[in-house]
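Notes follow once the structure below has been shown.
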Amino acid sequence: MDAAQSTSPELSSNSPEPKPSTVPTQLLREKIREYTKKHREAIRAEVSDSLRFQLGEIKERIQELDNVTEKDVAGLAARIKRRKHATIEDMYRLSHAFLQNVANIQAFNKIPGSMQVLIKELTGNDSERQMSAAECLCNLSLGEGPVCEKIASAAGSYLVTYLHSTESQLVRLCLWIIANILATGQKCASVLMKMQLLPQLWKMYCDDEIADPLLDYREDAAICLQLMSLNAPNLMTQEDRNFVLQQMADKNPTCVAAEYHLFIVFHILFTEPHIISTLYPPDALYLLNFSLINLNNTNNFLTQPQRLKILYSIRVLGNLLVVQPLIYSTLLLQVSCVWKSSITALLNKLFAFHNEHLSQEALWLLKIILHLEEENAFMQPNILESIHIFEECMPFDDKPIEEEAAAAMAV
Amino acid sequence: MLKVRDIENLLQNIPNGYLKPDDNLFAKTNAAIILPYKKLGAINSVDIDKKLDEPDKNQQNSSEIFCNVFNCKMVFDNTASYTLHYNSMHRFICQECKKSLPTEHLLDLHLSEIHDSYFKARLDRGEKLYKCYVEECKEIFANAIERKKHCIEEHKFPANFRFGQVVPTKHNKEESKNNCGSTGMELETHTDTESVATTNETSIKNFSFGHQREKTFQLKPEPKTKSGQGKGLESFSLLKDALDMDVSK
Ligand SMILES: [Zn+2]
Ligand SMILES: [Zn+2]
Ligand SMILES: [Zn+2]
């Protein structure tokens, strides 16, 4: 499958046989092992067999790994291409090289046909080489647009196919590669989007009947969906949107990765106000309840999941109330009967987190609620008097925006 | 604490009504307090020492596991690498011709298109029966060539998609005639282990694979030299001691 596509003559045939690089593979493995051992206590136990690193990060964390050079990479690439086969050793070295810097990734990408060899191993009948190839492609996907586009078009069909594999580590690696591609740009994301990726990810994300923690892909699938909804909402087809609309209520608000749910739904569906204004009552009620669960059960605004839950509940709730004002009475009822609380107590909880960005959004929600109160003429007379906002968490006009953002980042 | 008048003043600067996801108010918050996704690579971290301490290794230190699936000659030195091999290579295997497929969906397609005589009969009546390779896609086609065209054009599959079905010869010919010149594609004609459907009436579709792992590998008491393929493999095992470094912070 690879021979036909690797005919460009320039680099390939006259690349020298690679000299064995200065760092033996055994040492690379040794170092990874030491590192894993040393940090075991610090890291939460994971089901995966892999350590995850950002581009270049491995060099900071593990010494003595800086010797896989561009020249080594070009040599390895030329060799696997010539043999139309890559050994586990070859791929392990390449994996390390790609983790180190983007120059190594580009050096590999310059050898035509080399990626095809990795794909051949990915789809071959040796499962250990298959896993090495998947890992190698995962690290290759740390590269920029052009290399990710190449991975998407050459390997995308297999990545999507293997999401249905029974081998959990392979599924996970495919999800990681897909996430990296989706994060890289619209051009490479668009290739994957054409493979019915959204419904497939959705099913993995909402599947709450998981027999074995090894087979729990909800978090990884959620990250892919989040990236898709954020970076490529314009690439979604009407079919994709309809799918989300129909399956929206599949996610249980108390299950793993539920903090992503309103984010995903918001970025996919709330782009079109008419979709929200015509939501079926059970779906509108589902969003209302999901938001109330998030707001009532989240008691801090420190971690990413807490922030996602709170912010997206406000955004969903606010917009929902604007286009479906009749749901306001249901909201009041739920807040008092189910949560034994009041709308002002709920808003005060948000202001009490003392985050100025959050406070801005809570004010937006307050404004919508005040408007609904007026409209319905059952204005609770002193709703504003019961609102507690602390001066120090409100930005005032004299404060430049940059300073504001920096202060928030420091939190 | 802000007074009512202060709050009213604040509210004047807050946008009104429906705000789309890309609105400035939300974008500002996200930029300030939501961490963006950082691309992450992966490196295998299975602790080989730990693996050697596995109970099954202690008990049968010199044991080897032979995969006894038809025509497979792989040998393994631990259950983890055997499990990996079995899951990715033999989980979805055709009992009829022993072809191994990567997913249940592709095995289903294989079974009906290659071995199911009822499928052939319905096809001859002119029914559309060829399901898309993409499991979530519900399109169905009159023949394999149309499906292939669809997969390439709609799903951006490569023309040489490796898990494509071999089309029975008879239909190949008919379809080639019908589609002559319309596409530049070649039929998948590799015939390694594929056999053209027989008149066998057994309903293969309902077979249950029921492959018991215990019965599958044989533990040999005597140490033996490993085959070339098994040699030096440091398995990506299913050990749970590997740890995830989520350092996106
Ligand atoms: Zn086997
Ligand atoms: Zn078969
Ligand atoms: Zn299709």
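Cβ coordinates are placed from backbone N, Cα and C, and glycine is handled just like the others.
Marked as domain 'C2H2-type' by TrEMBL: B:67-90 (among others). Summarised by DSSP class, the composition of the domain 'C2H2-type' (B:67-90) is 11 helix, 3 strand, 10 coil.
Secondary structure of the domain 'C2H2-type' (B:94-115) per DSSP (helix as H, G, I; strand as E, B; remaining residues coil): 12 helix, 2 strand, 8 coil. The domain 'C2H2-type' feature in TrEMBL is assigned to B:94-115 (among others).
Annotation source TrEMBL lists domain 'C2H2-type' at B:132-155 (among others).
Taken from TrEMBL, the feature region 'Disordered' covers B:172-205.
Per TrEMBL, the feature compositional bias 'Polar residues' maps to B:194-205.
When DSSP labels each residue, the domain 'C2H2-type' (B:132-155) comes out as 11 helix, 2 strand, 11 coil, counted as helix, strand and coil in that order.
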